[in-house]
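Participant: The structure's right below; bear with me while I get my questions together.
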Amino acid sequence: MTEPDAPPAENDQARASLLLGLIMVLGAVVVLVDAARLRDSDDAVGPAAAPSLIGTLLGLLGGALAWQGARSGRTHAGEDRGKRRLWRLAALVVTLIAFAFVLPIFGYVLSSAALFTAAALLLGAPHPGRVVAYGWTLAAVAFLIFDRLIGLSLPAGPWGF
Amino acid sequence: MRRALPYLAAVLATVLLAGTSSWGGDDAVAGDFLDGRQLRLMAPAAPGGGWDQTSREMQTALRDMVGRTEVYNVAGAGGTIGLSQFERYHGDATQLMVMGFVMLGAIESNDSPVTLAETTPIARLTTDYEVIVVPAKSSVRGLPDLVERMRRNLGSVSFAGGSAGGAEQILTGLIADAIGEDPAGVNYVAHSGGGEALATLLSGRATAGLSGVSELEGQIKAGTVRPLAVSSTERLPSLPGVPTLKEAGVDVELANWRGVVAPAGIRPADERALEDLMVRMTQSAAWRETLQRRGWGDATLTGPAFDGFLGEEQKTVQDVLVKMGLA
Amino acid sequence: MDDLLTGFAQALTPENLIWALIGVTIGTAVGVLPGIGPALTVALLLPITFRLEPAAALIMFAGIYYGGMYGGSTTSILLNTPGESSSVATALEGNKMARAGRGAAALATAAIGSFVAGTIGTIALTAAAPLVADIAIGFGPPEYVALMAVAFVTVSAMLGPSLLRGGASLVIGATIGLIGIDTLTGQPRLTFGVPSLLDGIDVVIVVVALFALSETFAHVLEGTGRSRVEPVRGAPMLSRADFRRSWPAWLRGTALGFPIGSLPAGGAEVPTFLSYSLEKRLSKHPEEFGHGAIEGVAGPEAANNAAAAGVLVPLLTIGLPTSATAAVILTAFQSYGLQPGPQLFTESGDLVWALIASLYIGNVLLLVLNLPLVKVWARLLTIPAYGIYAGVLLFACLGTFAAGGTIADLVVLTVLGLIGLLMRQAGVPVAPAIVGLILAPLAEQQLRRALSLSDGDWTVLVSSPLTVILWLIVVMALVMPILWRLRSASRKTS
């Protein structure tokens, strides 16, 4: 996925490292603050010991990663690349969350078929008609096996599946 | 032809879906209860635990009365995760949740945003008692000896048991309180389940262990662990040779009971119907057989009596958890 | 021996064979699905099987159990989506092999390795269960601390080429592992008042998010949704060289998996990590690791299945359920009036031997069922990425959310998926995160338990011969590579 020698990819990697490193440092602060809040026990190693250690490591490694990313990153090339794809990614995330809200209303089969279709199309599938058919079949088969056969109860819509 | 294949498959799948939609619902028997709607029963624990077992036994016993009951698991945090999800069924009398003593402790110690006030208590069903054991080779002679050691150096007596704030830890707190020691100073080593706690005990690292009688019966009979006392009011038929805590000189009783609740806001008529259903279930042959097989005690209690009981238990649990510094 | 033969006679009726077949098929199906494991399946089927004969039901459960353990590997290899946390190590090399067009070989070594390990594990269960149980019982918290130390020093092999990036991943996993109620004091950590987080984030959700979801996101971001993998044409399923490299790995994986699996708190994941590290260290082709080394599939997969047999040791000999699945099997036993424990073999020997016999049969059936299917499965890869990943998404949501999850679970899944995407983009491997997620909480709990039991005395950590041996292994694992380097350096200069 990442070609180490291609300049745009390397640039991407540097930027991602910087971002991930910063998130880790932020996470470290949260972990350490949360650890300080814990009520200590009389044991030799209390509940805050592990979070303190892990939080510190998280901060250190995050810092190193961010520093490395910032040092090797050049911010000019490839800015416009992938803007549209970023939108697609956002759309997929929205689809996933929407799935949660639609599921109890329309039942498993329809919601999952819709999820499949949306995901496949965002991934660049041709032939929308066939994608819908595949999604429906897959969701229906999953429902048949797990709900009807094994007895795992999946949410059903007003039509019973 | 190849192009049409996906569409054909989709049509076929739909036909199968429609054709099997009446599976599993023994509608004939269900008709006269809650307008024939299916009951759903939440086990607020992982498969395999006590609440899960209770739910699935109920499912079997209820089959002849209301047809298929659906059981599902919402695991975690002493049942408080399940409880927080159960809240959303406000007013829906077809939703039930298994709960018990452990949930009272978990609500307190986890500071759960949802409490049992957001439910309608239906019935207490079963009870299991706790037993205190030591490894077979332990030098602890009996409960008085254990108490003596606790008095001498409370921290040196370690107890292996289930989750923090659960029935076992509460019992150690009650015992410490009863013998005049500080409940907060008890050296209780929590485990995520009875099996894990037993493993620690058998490794010989813990002084004593606590667990439900039905969970430890096999070990006691095999002689791998030695029972010191049970937490019941009277000696148990399954362990006639084991004294109660009271007999051994510690004035403590604890029943790890399990029961069932419905969401808050259901109609009084539905509440009575559910209580009636539970009573009928506990009288069924299938349920009797279950109690026998699992070693659970019958503890059927419904209506205001159950409500009152719940209130008292809540107070006991709250008191001891505060003394132990857990709530 | 006679007992075992009687067991076979009991299990080998045509009717029971059909139940075994149904069992392995269902087991494989749920094993494939992330989030729906054998534990839940057996629990769901218990009320239905109530009307069956005890032997038939137990045989079906044995099939589900082994099938579930095996099923996780197929999706690990083909889709880089481990169905179970114990298949994570299999995904590391297995998926690399599949992408290089050698999916069939990876699947075949996994299938045969599972069979070999499962069979040896079952033999060990038959022959040495009480003995192994005696040793396993000796494992208390101090011994686990030492074992975790061994695991930590050896997993460096899983960190990948960059220590910084591998370490970052490990710590990210460990941080996720902190979330939830602290087992020892009952206090919530990093839960921010969200009830769904109280019980921690399920390993399976993390696995699905970091592996499958992040990969789906990456395809969307890179616009590579129409790509597909071309299988190597004309390549045999398992070449002679593949076989020669696989069989020692199968045996080593089994040797790690069975004993660790039989420890009350050993679990099936730790031996797979250890096996991967061991294979990488011993391999004659270390340069292939990270690009699809067959030993890296054979070893962990064997370890996984041997551990599955190991888990039954404490269950059958002491009545100690050490995993969710074991707890459910225990429930099943009790439904049939069996009380697992020290007297199980004497009191209800017939059924136990029938169960053990059906474990052998289940293993054979799994191989018979899966080996011919290997080529069919491998063809799945010729489906374009958009189809595969939309399908993965569908099944991931089924396992983690649709079957009783909350919206919070789905949000966690999505957020972790995005973190996984960022990790991928930054060249940070995701597998070490799973290692950290599993090992760190275990290490913390056992350390604190050990110190609590000893009332704060640190010498408890080296208080038994077993702990001393394990710590010596830790020291060796740390010192040996340095010595080797020094030696090869001095050779070069002389």
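Residue positions begin at 1 at the first shown residue.
Cβ coordinates come from backbone N, Cα and C, glycine included.
TrEMBL: automatically predicted annotations, no manual curation.
TrEMBL lists these features:
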type     : residues  : note
TRANSMEM : C:17-46   : transmembrane segment
DOMAIN   : C:17-434  : domain 'DUF112'
TRANSMEM : C:58-79   : transmembrane segment
TRANSMEM : C:104-132 : transmembrane segment
TRANSMEM : C:144-161 : transmembrane segment
TRANSMEM : C:167-185 : transmembrane segment
TRANSMEM : C:197-221 : transmembrane segment
TRANSMEM : C:306-330 : transmembrane segment
TRANSMEM : C:351-374 : transmembrane segment
TRANSMEM : C:386-419 : transmembrane segment
TRANSMEM : C:426-443 : transmembrane segment
TRANSMEM : C:463-484 : transmembrane segment
Participant: With contact taken as 3 or more Cβ pairs under 8 angstroms (pairs 6 or more apart in sequence), are the transmembrane segment (C:58-79) and the transmembrane segment (C:351-374) in contact?
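Facilitator: Contact confirmed: at least 3 Cβ pairs fall under 8 Å.
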Participant: Between C:104-132, C:167-185, C:197-221, C:463-484, who has the most Cβ pairs under 8 Å to the transmembrane segment (C:386-419)?
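Facilitator: That would be C:197-221.
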Participant: Report, as numbers and ranges, which residues of the same chain sit near the transmembrane segment (C:17-46): CB under 8 Å and 6 or more residues beyond its ends.
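Facilitator: Residues 11, 52, 56-57, 59-72, 74-75, 81-84, 202, 204-205, 207-208, 212, 323-325, 327-329, 331-332, 335, 358, 361-362, 365-366, 369-370, 395-396, 398-400, 403.
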Participant: Looking only at residues six or more beyond either end of the transmembrane segment (C:351-374), which have a C-beta under 8 A from one in the stretch?
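Facilitator: Distant Cβ neighbours of the transmembrane segment (C:351-374) are 3-4, 6-8, 10-12, 16-17, 20-21, 23-25, 28, 54-55, 58-59, 62-63, 65-67, 70, 104, 107-108, 111-112, 114-115, 118-119, 122, 125-126, 237, 309, 312, 316, 336, 338, 344-345.
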Participant: Look over the recorded stretches C:144-161, C:167-185, C:306-330 and say which has the most C-beta pairs under 8 A to the transmembrane segment (C:197-221).
Facilitator: C:167-185
Participant: Let me know the model's mean pLDDT on the domain 'DUF112' (C:17-434).
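Facilitator: Its mean pLDDT is 84.
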Participant: Ranking C:104-132, C:144-161, C:426-443, C:463-484 by Cβ pairs under 8 Å to the transmembrane segment (C:306-330), which is first?
Facilitator: C:104-132
Participant: Counting Cβ pairs closer than 8 Å, which of C:104-132, C:144-161, C:426-443, C:463-484 has the most of them with the transmembrane segment (C:167-185)?
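Facilitator: The stretch I would name here is C:426-443.
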Participant: Is the transmembrane segment (C:104-132) packed against any residues at least 6 beyond its ends, judged by a Cβ distance under 8 Å, and which are they?
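Facilitator: Long-range Cβ neighbours of the transmembrane segment (C:104-132): 4, 66, 69-70, 73-74, 77-78, 90, 93-94, 97-98, 231, 235-239, 242, 246-247, 249-251, 253-254, 257-259, 261-262, 292, 294, 297-299, 301-310, 312-313, 316-317, 356, 359-360, 362-364, 366-367, 370-371, 374-375, 377-378.
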